[in-house]
Structure formats: structure tokens, C-alpha cells
Amino acid sequence: MSDIIAYKLNGEIVDTQSIAGRESSAEPIYFDNSKEALHVIRHSCAHLMAQAIKSLYPKAKFFVGPNVEDGFYYDFRVDDEGTKLGESDLAAIEDKMKELAEKKFDIVKTCSTKANMSEKFKNDDLKQEVLKRIPDGEVSSYAQGDFEDLCRGPHLPNTKFLKFFKLTRVAGAYLGGDESREMLTRIYGTAYADKESLKEHIRIIEEAKKRDHRKLGVEMKLFTFDEEVGGGLPIWLPNGGRLRSKLEQLLYKAHRDRGYEPVRGPELLKADVWRRSGHYANYKENMYFTTIDETEYGIKPMNCVGHIKVYQSDIRSYRDLPLKFFEYGVVHRHEKSGVLHGLFRVREFAQDDSHIFCMPSQIKENILEILKFAGTIMENFGFHYEMEISTKPAKAIGGDEIWDTATKALKEALDENGFKYGIDEGGGAFYGPKIDIKITDALKRKWQCGTIQVDFNLPERFDLGYIDANNERQRPVMLHRALLGSFERFIGILLEHTAGELPFFIAPTQVVIVPISDAHLDYAKEISRELRKINVDSEIASKNESLNKRIRTAEKQRVPMIVVLGDNEVANKSVALRDRQARTQSDMSLAEFVNLTKEKLSEVHF
């Protein structure tokens, strides 16, 4: 049997240093790759990394080193001279970590008052920063060998368990996430209980680098960023514009088929309306504001208020409900520069946003309809997905009774139809609980995309109503819903999921036509016109370059189909087709090729 490295007591992980005779009422956590075990292993590995850095750079001072998904990081200052570490320094730190782990240091926990800890670390300004953020009361630290750091734990009992780890990258991070403070060095890493799991994780990291959507975006000429424009503000190039347009058109038809009405709200609204909605009090730090004619305005971070105003534009009857409004709404949210990341974290993005206004009795049926809609989309793109209910956060509007009712409605809709789901306590929006739809990509990474939120609060705040069958005024329920989440993020995920080999139906350029010489150019143009008639985007690669180079360029841009034209093809009205996704080469008539592309377009059913 594996060694016991910690315990689970009342739902919390408690290390062996803290269990203090309560073992009989706790569940043991063994040294393996379970979620709980990895939490402990990785937390201790972060401390081992810090110990190694301190050994190599004696002036180093450390801020915080928490676990993150699939690993850990530590923020620190190398010295007071501003020395920075890079990727080339990671190997030496790893070697020192292995050397220290083999010394088999016991990991010892000490508890004391905040004042005593402050005195103990009085010459360490970063420790003082940590202590400022800790509530008064007992404070703990953990020591191994000559290294000690403030920490809540939990930790391994000994460094001997730490054998299989990898430092993955170096980044910068502002102290406490505050852009006005100094930039610290941040090193990320991961750890496992066995060599095979670590090896697989490293393989996935290397594969993810090849699939990085930022790299693919350049190669496929989809989007760019420009510092003169500003960070987190993507610029869509013609190829990216075509990709987005195809996705938008498919979703537009799918929404209309399901009874949704297209609407559009303004991007700039008076601050008073954001006060009424609760955004001003609960979401202001994520918004951008400006003053016009001495009146404060806020740029919308969400589309819900605009859709509420559409609802309020007319008297509503129970016969009108449910009312389904949708919009490809452009929103702006403030993201700190340090977390901006390609299309995944941006400051401007477009949501496939919808708001459904319904009677309370219609909540379940509408949630189920949304879930089926979302499932259809994810399956068409080859994603597996799961669901999670997120409950009331610490910062929220509305009483517990309203939140309990809304959360219960979500659970019942899932339970009654056999959907499995997890619970994310405190992860809801400030105005209501939600179902998050999380997809799994080809590298087994999970991404939160779609969301469904039940909201009793905003209808109350804006005094929304409808006339029921008894001619009495009632309050509708508002369902907030996005299926992709945002076009930007979803496209980034899809690029990495497919390694840029996008499905034919949304590929920016679906066919590249390569005439061997100018004598074949007229036929290439004829084929392009035929494809245009059936909404297939093609390009003619007629540059003064070698045939092989033109084909390689099309392959680099991940174009699904490449057609090569020579004398035989012109004479026979045929094409020599290279189907990159089917990995086949074949000859066929032009009519057969046009029919093939029609079939490819019809493969998607939203």
C-alpha cells in the first residue's frame, strides 16, 4: 500500500503535521495521482522550488506560491539588483531541487501569532506583504532544512516524495496583481507521483506549444495585435473575418430556427443604469467609464441591460412568453495586462449572447432546450462536454431565498433529465447561479465556454412585468445564456483543439486552386466562380513561385482542399484534388468536385 501523505477531514485536506490524533475520523490520502494527493504534492514541490532558488540565489525573497490547475507557481524577487531569470535558468533550479529532495528533509509546521511571525520575518519585505493579507490570529509556517516560508499548507511529511517534477516556464507578475507595484519573477511547474504521468504531461505541454492559437493565428493569417492600438484588442484579418462570419451565419440560422429574435443594444450606457442593475457596485472594477456632457457613462461589459430595455419597450402578455432575444454583442472588460493571452483573455470580445424572458413555470423547459442546443453545437465541433452548477458568490445581489429558488431550478432541470454535473460553490455571477458548460479538447484540457444563468434579481430591479391569464401583473424570470461564451475565446480553443485543421464548413479558405502555369489560369478562375455560387471560399495561388512552394503555403495555412490544374485537367474539365483532412489524392470531374464540396458544407447541423 502507498504511503499516507495527508488526510481528508470534513471535506478539507489536512496534512500529517496537523491531524493531531484525529486520524480515526479522517479518510487517508495516499501517495498517488488522485486530485487530493496531487494538491499536496504540488504545494510541497512549490516550496522545494523556492528552497532551491534560495540556495542558488541567497538574496531571493518570496511572495506567494499557490497551486494552479495542473501545477503550481511561485512569485519572488531574485535580489535587490533587479536580476531576472529566464527559461535557460530552469534546468539548474531543477537540478538543485533534485539534490535537496534526496536529502529527505522532514517538513515541519510551526504555528504562532501574527506578531511573532512578523518579528521572525522582519527583514523580509515580501513576507510583510503576505502578513498584511492574513487575518489576525494564528499563523503557520513550514520549514524544510534551512528554508522556511509562511503557508497554510497542506504539505507532504518529507521531501523524499518529490521525485517527478518539471519546471515549465518563467513569467512576470505584479506584486499582489497590482499593476502599480513592482514586477516579480514567476516560475511555473508541475509534479506527479510517478514518472509516466509526468512524461505524459510534458508531452502534452510540447504538443500545446505546437498548437498555440497565437502561433496558428500568424501562420493562418487570422488575427493580429498591435501595441499602438492597445493590449487585449484583437484585429481580425480577412481570413479571420471569414472564419468569424461563417460561424456567425451558422449560429444566426440556428437561433432563428429556435424562435430567437435578433436585437441590438448600445455599447455605451449611462452609469445610472449600471447602478440600477448592480454592476456599478459589484462589477465596476471590470468596466470602463467616461464622462460626456458632465454625465458618467459606462461601456457595457455584458448585454443584459440592453436586452432588458428591449423587453421594456412594449407591454408583455403571458402569451408572448418566452421571449428570446439574441445578439452578437461586443463587450469590454478590464483585464490586467499581465493576464492578457491571445484570444483567450482580451479586453474586447463578442458574445453569442441571449436573454430569455419567461414565466417561472417555463424555466425548466427553456433550460433543457438551451442544453440541447449547446450539445448540438459542441458535438458538431467534436468536443466532449460536462456541466457544473455555480452557486452564490460572496459579492452578490438578492437575498438567499431568491438564490436558493434559482439554484434549485437549475438542479431540478438537470436531475430530472439525467444530466451529471459538479458543483462550484461560490462561482455564480453576482446576479444569479449558473450552469457552466465545460468542454474537453484534444489535449484533455477543460475549457469553460457556454453558460446558463437563472436571474430573479434583475427583473426585480428593473420592475419587469407581464400580464397573466387573470389580467394581473406578474414578474418574469430572466435566463442569461451564451453557447460559445465569446467568439474570440471559442475560436482560440477550436484552433488548438484542431491544431488549425478547422472543419471544412468554417475554414476561412476552403479550397486553394493551384494552376501549374498561366495557361491554366482561366480554368482556375472558372472553378473559383463555380465554388463561389455555392458559398465555398477559394483562392487561386498564381504567384510567380514554384508549384511546390505554392502547395506548401496552402498546407501551412491549413486549407482543407488543394486543387492542382495542368493540361489534362483543363482538357478534361477535371481536377487533381488533395484532400488534406481525408489525407487522400484523387482525380475527378469538376461537377463531382463541386458536389463533394456541397456535401462537406452540409455535414454540419446546428
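Every residue gets a Cβ built from N, Cα and C, even glycine.
Taken from Swiss-Prot, the feature region 'Catalytic' covers 212-503.
Annotation source Swiss-Prot lists Zn(2+) binding site at CYS304, HIS355, HIS480, citing sequence analysis. In the three-state DSSP scheme, HIS480 (Zn(2+) binding site) is classed as strand. Residues within less than 8 Å, Cβ to Cβ, of HIS480 (Zn(2+) binding site) and separated from it by at least 6 positions along the same chain comprise CYS304, ASP353, SER354, HIS355, ALA429, GLY432, LYS434, THR451, ILE452, GLN453, ASP455.
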> For the binding-site residues listed here, CYS304, HIS355, which shows the highest count of neighbouring CB atoms within 10 A?
Replying inline: HIS355
> Applying the rule Cβ within 8 Å of the centroid of the Cβ atoms of CYS304, HIS355, HIS480, what extra residues of the same chain belong around the Zn(2+) site?
Replying inline: MET302, ASN303, HIS307, ILE308, ASP353, SER354, GLN453, ASP455, LEU458, MET478, LEU479, ARG481
> Across the region 'Catalytic' (212-503), what does the pLDDT come to on average, as a whole number?
Replying inline: 93
> If H, G and I count as helix, E and B as strand, and all else as coil, what does DSSP give for HIS355 (Zn(2+) binding site)?
Replying inline: strand
